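Report on the following structure.
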Amino acid sequence: MQLNSTEISDLIKQRIQQFDVVSEARNEGTIVAVSDGIIRINGLADVMQGEMIELPGGCFAIALNLERDSVGAVVMGPYANLAEGDKVRTTGRILEVPVGRGLLGRVVNTLGEPIDGKGPIDNDGFSPVEVIAPGVIERKSVSQPIQTGYKAVDAMIPIGRGQRELIIGDRQTGKTAMAIDAIINQKESGIKCVYVAIGQKASTIANVVRKLEEHGALANTIVVVASASEAAALQYLAPYSGCSMGEYFRDRGEDSLIVYDDLSKQAVAYRQISLLLKRPPGREAYPGDVFYLHSRLLERASRVNVNYVEKFTKGAVTGQTGSLTALPIIETQAGDVSAFVPTNVISITDGQIFLETDLFNSGLRPAVNPGISVSRVGGAAQTKIIKKLSGGIRTALAQYRELAAFSQFASDLDDATRAQLEHGERVTELMKQKQYAPMSVAAQSVSIFAAEKGYLKGVALNEIGRFEASLLSYMNSQHTDLMNTINATGDYNADIEGELKAGMDKFIETQTW
């Protein structure tokens with residue numbers, strides 16, 4: 001049988017058309033070393049920095065070191081079943097986590113998988129873990145307050161929506177308690193919260209989740225967990241996962257709050273990974289890019305303008321700004337704020353709340369040191385009534401500390417100095433507050449008004465707590481409209497001042513504390 005060239009050509013074309021194969025861009029490699037959660041792979045020619053690599057058994061690794069003849073990757077989970085010679089392949093994807101309202105009220109791991117036993121999550125999509133922070137033009141200045149519910153913080157170190165405020169202190173000084181109370185205080189405000197637990201004991205995290213549930217704040221909160229028993233890679237990535245979940249609300253014109261508890265442990269996890277990858281160590285054995293580790297995370301917390309939200313939602317949301325407020329926590333060793341990681345994070349954030357062991361042990365809780373605590377941008381966002389009333393609080397406390405130190409050596413004090421000392425003592429006592437009892441704007445205003453206008457003068461130091469509780473109970477029952485007005489508007493004018501004064505005078509007459 002003879003075929004001419006035309007028939008051969010037609011036959012080849014026909015065969016090509018009939019040929020069916022699932023074409024898949026694959027780039028396979030071989031594991032050449034496995035140790036401490038780090039794998040070294042040969043043969044991956046086209047792998048990207050940060051790309052997910054599929055391992056045997058459905059597990060994944062992330063490519064972090066791209067070298068001339070091999071790739072260093074960190075395993076996202078258990079690595080006991082991996083062995084030299086196993087085949088791996090690239091995926092062409094970077095790590096993404098589920099985002100959306102379906103995550104509210106849930107406890108998830110770094111990868112966004114539920115670990116609370118409440119079934120699958122109904123997410124609205126996925127978002128990359130690493131996202132470039134909004135640019136300068138896309139931002140709006142901080143001008144709205146976020147109430148923590150703590151008098152000491154809202155009066156002296158106010159926090160605005162879109163701000164980064166560091167909570168720093170030694171272990172067991174109330175850092176987590178302050179952050180949890182700030183989350184509990186948002187349950188009526190509409191602000192969505194994310195709590196990221198890094199390198200903590202599972203029992204501690206379970207206690208935090210239980211407290212949030214007891215106080216009705218869990219329904220408004222996403223809890224991201226990378227406990228101490230989990231791989232260093234998951235502890236390193238957990239803050240970025242939580243940030244992506246918080247950004248979902250920011251980008252849609254809503255306000256969100258994220259707590260990183262704590263970034264010291266994330267830095268330690270990253271140091272562990274870097275040393276295992278044979279990266280050159282620097283100060284305190286941290287790698288050279290540990291500053292960038294935190295700066296690229298915290299710069300994502302911002303207040304974005306109307307145009308950004310409109311562009312992101314393709315016109316679905318108009319006239320709304322969005323914000324992501326960050327409360328990173330750093331644990332210091334013996335009060336050393338000049339160590340490497342604390343100084344890095346202090347320089348990145350917009351202020352810090354310094355909690356001191358000595359103050360905590362002396363019974364002053366929250367143990368805020370007003371001398372070195374500062375909020376660099378929150379003043380513009382402070383509620384009007386708190387701003388007007390709290391001007392003298394910080395000054396009174398600063399003068400009191402100075403005079404208290406001086407009075408130890410001076411036997412005879414003049415009347416003015418003694419009056420300043422007594423006022424400072426009373427303000428210090430008034431700043432004390434119980435855990436899980438955040439205060440409304442109106443309640444804070446009443447307490448600060450009492451201190452500023454001299455209503456505490458005749459009250460014994462050990463009765464100030466009882467005096468405050470009775471005063472607030474009286475104002476809530478007898479001046480409900482005033483309290484509701486202050487909570488709703490935050491305004492301060494002659495009428496409000498007059499009504500507050502009249503209420504205080506009547507309460508003092510009753511002597512019911």
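For all residues, glycine too, the Cβ spot is worked out from N, Cα and C.
For Arg171 (ATP binding site), the number of other Cβ atoms no farther than 10 Å from its own Cβ, over all displayed protein chains, is 11. What Swiss-Prot records for Gly169, Asp170, Arg171, Gln172, Thr173, Gly174, Lys175, Thr176 is ATP binding site.
Residues or ranges marked as site 'Required for activity' by Swiss-Prot: Ser373. Close to Ser373 (site 'Required for activity') in the fold, though at least 6 residues off in sequence, lie Met156, Ile157, Gly351, Gln352, Ile353, Phe354, each with a CB less than 8 Å from its CB.
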**Study point:** Candidate with the highest Cβ count within 10 Å, taken from the binding-site residues Gln172, Thr173, Thr176
**Key:** Thr173
Review point. Where does Gly169 (ATP binding site) sit by DSSP, helix, strand or coil?
Key: strand
Point to revise | Proximal but sequence-remote residues of the same chain as Gly174 (ATP binding site) (Cβ under 8 Å, at least 6 apart) | key: Leu355, Phe360, Arg365, Pro366, Ala367, Gln435
Review point. Which are the residues of the chain, Gly169, Asp170, Arg171, Gln172, Thr173, Gly174, Lys175, Thr176 excluded, whose CB is within 8 A of where the CB atoms of the ATP site average out, their centroid?
Key: Glu331, Leu355, Thr357, Phe360
Check your understanding: Near Lys175 (ATP binding site), which residues of its chain come within a Cβ-Cβ distance under 8 Å, counting only those 6 or more away in sequence?
Key -> Ile167, Ile168, Gly169, Asp261, Asp262, Ile329, Glu331, Leu355
Revision key, fill the gap. Cβ proximity for Asp170 (ATP binding site), under 8 A, sequence spacing 6+, ordered by residue number, returns Glu331, Thr332, Gln333, Ala334, Gly335, Leu355, Thr357
